[in-house]
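**Student:** Pasting the feature list from TrEMBL:
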- 22-31: compositional bias 'Basic and acidic residues' (COMPBIAS)
- 106-119: compositional bias 'Low complexity' (COMPBIAS)
- 480-490: compositional bias 'Basic residues' (COMPBIAS)
- 137-291: domain 'EamA' (DOMAIN)
- 1-31: region 'Disordered' (REGION)
- 95-121: region 'Disordered' (REGION)
- 462-490: region 'Disordered' (REGION)
- 136-156: transmembrane segment (TRANSMEM)
- 176-193: transmembrane segment (TRANSMEM)
- 214-237: transmembrane segment (TRANSMEM)
- 249-268: transmembrane segment (TRANSMEM)
- 275-293: transmembrane segment (TRANSMEM)
- 299-321: transmembrane segment (TRANSMEM)
- 333-357: transmembrane segment (TRANSMEM)
- 394-414: transmembrane segment (TRANSMEM)
- 426-443: transmembrane segment (TRANSMEM)
Amino acid sequence: MGIREFPGGAPRGKSIAIGMRRSPDVSPRRLSDISPQLRQLKYLVVDEAIKEDLKWSRSVEDLTSGPVGLTSIEERILRITGYYGYQPWAASYKREERPREPPGPAEAQAPGGAEAGGRTSHRHWTCSREQLHKTFWGVAVVLCVCASWAGSTQLAKLTFAKFDAPFTLTWFATNWNFLFFPLYYAGHVCKSAEKQSVKQRYRECCRFFGDNGLTLKVFFTKAAPFGVLWTLTNYLYLHAIKKINTTDVSVLFCCNKAFVFLLSWIVLRDRFMGVRIVAAILAIAGIVMMTYADGFHSHSVIGIALVVGSASMSALYKVLFKLLLGSAKFGEAALFLSILGVFNVVFITCIPVLLYFTKVEYWSSFDDIPWGNLCGFSVLLLTFNIVLNFGIAVTYPTLMSLGIVLSVPVNAVVDHYTSQIVFNGVRLIAIIIIGLGFLLLLLPEEWDVWLIKLLTHLKVRKKEEPAEGGPDLGSGPQSRSRRARPSFAR
């Protein structure tokens, strides 16, 4: 028997069971409200099998409830006394009256019987196929981002050997941004079931700027500043390629992820995360070590300062975009980038002309311009921006970001065979530190909760495996030693 009767009246366990069936509507908030039930607990005698069931059920619930899997002593006592609908020793209540909860990680992946088990297995197989599909596209996107970013960097280095005009190259490549919206509309016509005209699609995307659409005031207040930041980011990056090798430029530009976090924390009041502070510290340490790798020569210091300035402008661009404009859909982002191209043609064209006549960026003849290199660089940069902005439609954003950091070893291999770069210990440590900081910044905000849930799931599954695969554990010395073991939830 699970409850022992005492002489002189009805079994006390029954009275407690009645108290434990109280409605959740009158659930107490203080221990003093249930003091009669607490006093009756000392007369409750439960045999070993039910006690083991109670301990196991409480352990699993404690682990799976809440973000960290801990429950207070007060909540445990409230569950023991029957409040909140928790009665592990009432088998009929669990099977018939208790509402079905969504399966947890351990329950969802456990092999089930009959028809329910087949449905669960099919659902997880479908989800796995979708994840596999996204992962496959993610690998393709990573390779495309890595190839386009490393290729544009190397091609810019080759272009400067014949055409020493970084700002003109920036202006020429930015003009190609005008193609963003036409390419998006072509994809819309091919894929969308409800096809719209160019004018209709344009008006719908213009709502991104407000109820009045793209007015002259909106153009100068919400588009022109980003056009300036875009030009500065690319110009400083290209000018840094003239000063230092492409490996150092590409790895130092990865610090923009740390700058985005710091600016978001200060300006946007984003959530504070200790691991991202560590990543920002690693990025700064890597910048200092990279400067020390070449002995603090003026040439290398200027190049490092230029690429750090480029990373800062990129971070400022992203944070201000989120602050002023928020998040954009694919069509809205394509229209915005095309507007930046229009701004570049209308307002920035005068600067390359001025630099040419002042002979700051001068070339003797237009026939000497390597048009193939300029067009190749522009196409690679356009491809990089298209994949980076629209790749989220087919894969995970984290995978796309990996393509940028993977361009560092690609540039290092190319520099090893084409330049006089020396990979000393300090440079290698700086590259590893910056890369590690970049990877830490890719962790999601709830990474610690996911890690705890994963460890909890592994522990629960490890404890279930001997119970499912072994013989009957209801008797014998193994069973007694198992019951004597304390619950790992306490």
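Positions of Cβ are set from backbone N, Cα and C atoms, glycine also.
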**Student:** Taking residues 6+ outside the transmembrane segment (136-156), which of them lie with a CB under 8 Å of any CB in it?
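**Tutor:** Long-range Cβ neighbours of the transmembrane segment (136-156): 169, 238, 241, 246, 249-250, 373, 376-377, 380-381, 383-384, 387-388, 391, 394-396, 399-400, 402-404, 406-407, 410-411, 414.
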**Student:** Is it true that the transmembrane segment (249-268) and the transmembrane segment (333-357) have 3 or more CB pairs under 8 Å, sequence gap of 6 or more?
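**Tutor:** With fewer than 3 qualifying Cβ pairs, these stretches do not touch.
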**Student:** Taking every residue in the domain 'EamA' (137-291), what is their average pLDDT?
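**Tutor:** 90, rounded to a whole number.
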**Student:** Compare 176-193, 299-321, 333-357, 394-414, 426-443 by their Cβ pairs under 8 Å to the transmembrane segment (275-293) and return the stretch that comes out on top.
**Tutor:** 426-443
**Student:** Any chance the transmembrane segment (333-357) and the transmembrane segment (426-443) are in contact, meaning at least three CB pairs closer than 8 A with a sequence separation of 6+?
**Tutor:** no
**Student:** Give the nonlocal contacts of the transmembrane segment (214-237) in its own chain as ranges (CB under 8 Å, at least six residues past its ends).
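**Tutor:** Cβ under 8 Å, 6 or more out: 166-167, 170-171, 173-174, 206, 249, 253, 306-307, 309-310, 313-314, 316-317, 320-321, 324-325, 336, 339-340, 343-344, 347-348, 381.
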**Student:** For the transmembrane segment (426-443), give me same-chain residues lying six or more residues beyond its boundaries with a C-beta closer than 8 angstroms to one of its C-beta atoms, as numbers and ranges.
**Tutor:** 247-248, 251-252, 254-255, 257-258, 261, 275-276, 278-283, 285-287, 289-290, 292-293, 398, 401-402, 404-405, 408, 412
